[in-house]
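Visitor: Please see the structure below; I have some questions.
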C-alpha cells in the first residue's frame, strides 16, 4: 500500500518514480546504454583501485586519494543506477519510504565526499608543484589519513543534514516523484508541509561544502599556475601541466553539472533538462573519471603495462 491513515493526515509509505521516459522503446534503448555505462564504471574504477594497490610505484598520496575517488564513483553510481535499470523493466516504478531515505542519504554522502576528495587532490598538487621540498612532510601518511577521514566525516554530516530536511516532510496524498531517483528538491515539491519546510540544514551545509571546496581548488590552482609560469624549463612546465590537466578536467565536469542543477535558477531550465544533467553527473561522470585520470597519466599507463607484462610472462 502507498498510504497509511492516521488521525491527522495520510502518510505516504512509498513513492512512484516517474523516471526519464514513458516510451517503451526508449526505455529499452536507455536500459541498454545505461547498463553498459554502469558495467564500464564498475570495472574501470575497480581496476583503478586494484592497479594502485598492487603497483608499488603508485603508492603516493595522489594515487591514494585517486583510489578512494574511484571507490566513491562506484558507490555514487550504485546509489541510483541499479534501481533505475530495474525501473526500466517494470511498468510502475516504485520505491519504499525507507529505500528513498537510503537513496537520498547515499547520494548526498557520495556527492559530498567527491567534492572533498577533489579539493584534497587539488591541495596535493599544490604542495607537489609549489612546495616540492616539503611534500613528504606536508603529505605524510598521517596527514593523508587525516584528510581522508575529514572528507568522510564531512560527507556524513552533509548527508545527515539532508535527512534532517527530509524526515519532517509530510506527504498528504500525491506520491509521484518527477525524477528517476529520490532527490530532495522534487520531494519538497511533493510535500504538503507548506512554508514550514525545514530546508535550511541541507541548503546551508551544501552551500558551505561547495564554497569551501571550490575555494580550496581555486586557490590551489592559482598558486600552481603562478609557479608554472615562473618555471624556466619547458619540459618542467609540460610535466606540471600534464599532472594537473586530468584533475582539472574532472573538477570542471563535476562542478559544472552540480552548478547547473543546484545553483542556477530553476526557471532557467526544464525538469527534463535537470534529469538529463543528473544522469550525466551521477551515471556518466563516474565512468569517465578512470579514463580521464589514466589516459594522460604516464605513471598509471606504465604501471598497467608492467602488470600486464608480468601476467603474460609469468
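Cβ coordinates are placed from backbone N, Cα and C, and glycine is handled just like the others.
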Visitor: Where Swiss-Prot marks N-linked glycosylation site, which residue is it, choosing among 8, 45?
Guide: 8
Visitor: Taking 137-157, 158-178 as the choices, which stretch does Swiss-Prot tie to transmembrane segment?
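Guide: Per Swiss-Prot, the stretch marked transmembrane segment is 137-157.
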Visitor: I'd like to check whether residue 181 and residue 274, as annotated in Swiss-Prot, sit on the same side of the membrane - that is, whether they share a topological domain name.
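Guide: The record shows them together on one side of the membrane, with a shared topological domain name.
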Visitor: With Cβ-Cβ distances below 8 Å as the criterion, list the same-chain residues six or more beyond the ends of the transmembrane segment (137-157) that contact it, or say none.
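Guide: Same-chain contacts beyond the flanks: 61, 64-65, 68, 108-110, 112-113, 116-117, 120, 123-124, 127-128, 131, 205, 209.
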Visitor: Counting Cβ neighbours within 10 Å across all chains shown, tell me which of the disulfide-bonded residues 100, 192 comes out on top.
Guide: 100
